[in-house]
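**Q** Features from TrEMBL:
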- 79-84, 94-95, 100-101, Q123, 158-159, W204, R214: FMN binding site (BINDING)
- K84, Y141, R145, S149, R210, L211, H212: substrate binding site (BINDING)
- 55-174: domain 'Pyridoxamine 5'-phosphate oxidase N-terminal' (DOMAIN)
- 191-231: domain 'Pyridoxine 5'-phosphate oxidase dimerisation C-terminal' (DOMAIN)
Amino acid sequence: MGRVTHADEFPAPEFHGGALDAAAMREQYRSEGLLESDLAPDPYEQFAIWFAQVFAAGLREPNAMVVSTVDAEGRPGSRTVLLKGYDERGFVFYTNYGSRKAADLAGNPYVSLLFPWHPIGRQVIVGGRAERVDPSETAVYFHSRPRGSQLGAWASAQSAVVASREEIDSAYERLLARYPEGEPVPVPTGWGGFRVIAESVEFWQGRENRLHDRLRYVREGQAWRVERLSP
Ligand SMILES: Cc1cc2nc3c(=O)[nH]c(=O)nc-3n(C[C@H](O)[C@H](O)[C@H](O)COP(=O)(O)O)c2cc1C
């Protein structure tokens, strides 16, 4: 299994015409690499191993992932959400069922999840199909959230255009009055989880000279086949 490594020196910034030069930014990845023989039998186990290593390496919010969906006109949309569960059934996140991403998924359940672990030279990309999480499972997660987040879920019609910040703050104030401390906050009807059932999972390990390792699990019936991709 490739050691978790990243460049120890921070590159000196270069400026071009007064602006920070993106083209001059160059990171050299020095990793032992990822071999087929290193991999766990299924991508969920492999994900669990890398997730623990990324956390141990000190990366903040390693559960932050970019979720990409496609709307009815074929236009993609991406946003960051937090992974809140993973096992052999799939990868779970929670959101507003009235949001743009939920509307996209209602028309096209295919989704991409990207874990941007580049500070340690890694990336995981999941391709799959999203299904709504059972309301009883959503309720367990909702009630584990801080009270402020529970009320926040009620206060936000996520993705809708609002007139002002005050509109959001006053909705929150009204909810504070409606659900005083000690009063349980019910799960909003339009809020819940999505579980992404993986069809492919790629593990990307940065290597020297841009000759990275890319190993992808592809689902074949009940089994997983592993293929290596050119970097
Ligand atoms: C670090 C981070 C974590 C986030 N986590 C979530 C989340 O778990 N669920 C969620 O609905 N939005 C989350 N968001 C907000 C989303 O990125 C996005 O703004 C929101 O879900 C609306 O997206 P949509 O209009 O494309 O549906 C997070 C944003 C960031 C930057």
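Just so it is clear, glycine is given a Cβ too, placed from its N, Cα and C backbone atoms.
Automated prediction, rather than curation, is the source of TrEMBL annotations.
Small disclaimer: the values here were computed from a predicted structure and weren't measured.
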**Q** Kindly point out which of the binding-site residues Q123, R210, H212 have a C-beta less than 6 Å from some atom of ligand 1.
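**A** Checking each Cβ against ligand 1, none of them comes under 6 Å.
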**Q** Can you tell me how far the Cα of R100 (FMN binding site) sits from the Cα of H212 (substrate binding site), in Å?
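**A** Their Cα atoms are separated by 34 Å.
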**Q** Taking only the Cα atoms, work out how far R145 (substrate binding site) lies from Y94 (FMN binding site), in Å, as a whole number.
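**A** That comes out at 11 Å between the alpha carbons.
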**Q** Whole-number Å distance between the CA of S159 (FMN binding site) and the CA of H212 (substrate binding site)?
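**A** Rounded to a whole number, the Cα-Cα distance is 37 Å.
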**Q** Hey, how far is Y141 (substrate binding site) from R214 (FMN binding site), Cα to Cα, in Å?
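**A** Answer for this pair: 34 Å between alpha carbons.
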**Q** If I restrict to non-local contacts, at least six residues apart, and a C-beta distance under 8 angstroms, what lies near Y94 (FMN binding site) in its own chain?
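**A** Same-chain residues close to Y94 (FMN binding site) (Cβ under 8 Å, separated by 6 or more) are V81, L82, K84, V133, T138, Y141, F142, W191, G192, G193, F194.
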**Q** Do me a favour and check the Cα-Cα span between S149 (substrate binding site) and L83 (FMN binding site); whole Å is fine.
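**A** Cα to Cα, S149 (substrate binding site) and L83 (FMN binding site) are separated by 16 Å.
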**Q** Using a 10 Å cut-off on Cβ-Cβ distances across all protein chains shown, tell me which of the binding-site residues (R145, H212) has the largest neighbour count.
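**A** Max Cβ neighbours within 10 Å, all protein chains included: H212.
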**Q** Name the one residue among R210, L211, H212 whose Cα is closest in three-dimensional space to that of L83 (FMN binding site); these are the binding-site residues.
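**A** Minimum Cα distance from L83 (FMN binding site) across R210, L211, H212 lands on H212.
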**Q** Count up the helix, strand and coil residues in the domain 'Pyridoxamine 5'-phosphate oxidase N-terminal' (55-174) according to DSSP, in that order.
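**A** Once the DSSP states are binned, the domain 'Pyridoxamine 5'-phosphate oxidase N-terminal' (55-174) shows 42 helix, 41 strand, 37 coil.
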**Q** Around Q123 (FMN binding site), which residues of its chain at least 6 apart sit with Cβ under 8 Å of its Cβ?
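**A** Counting only residues 6 or more apart in sequence, the Cβ neighbours of Q123 (FMN binding site) under 8 Å are L114, F115, P116, W117, E202, W204.
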**Q** According to DSSP, which kind of secondary structure is R210 (substrate binding site) found in, if we only use helix, strand and coil?
**A** helix
**Q** Among all protein chains shown, how many Cβ atoms are found within 10 Å of the Cβ of L83 (FMN binding site), not counting that one?
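**A** Counting Cβ neighbours of L83 (FMN binding site) within 10 Å gives 21.
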**Q** Here the binding-site residues are S149, S159; which one has the lowest number of other Cβ atoms no more than 10 Å from its Cβ?
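**A** Per-residue Cβ counts within 10 Å for the binding-site residues S149, S159 bottom out at S149.
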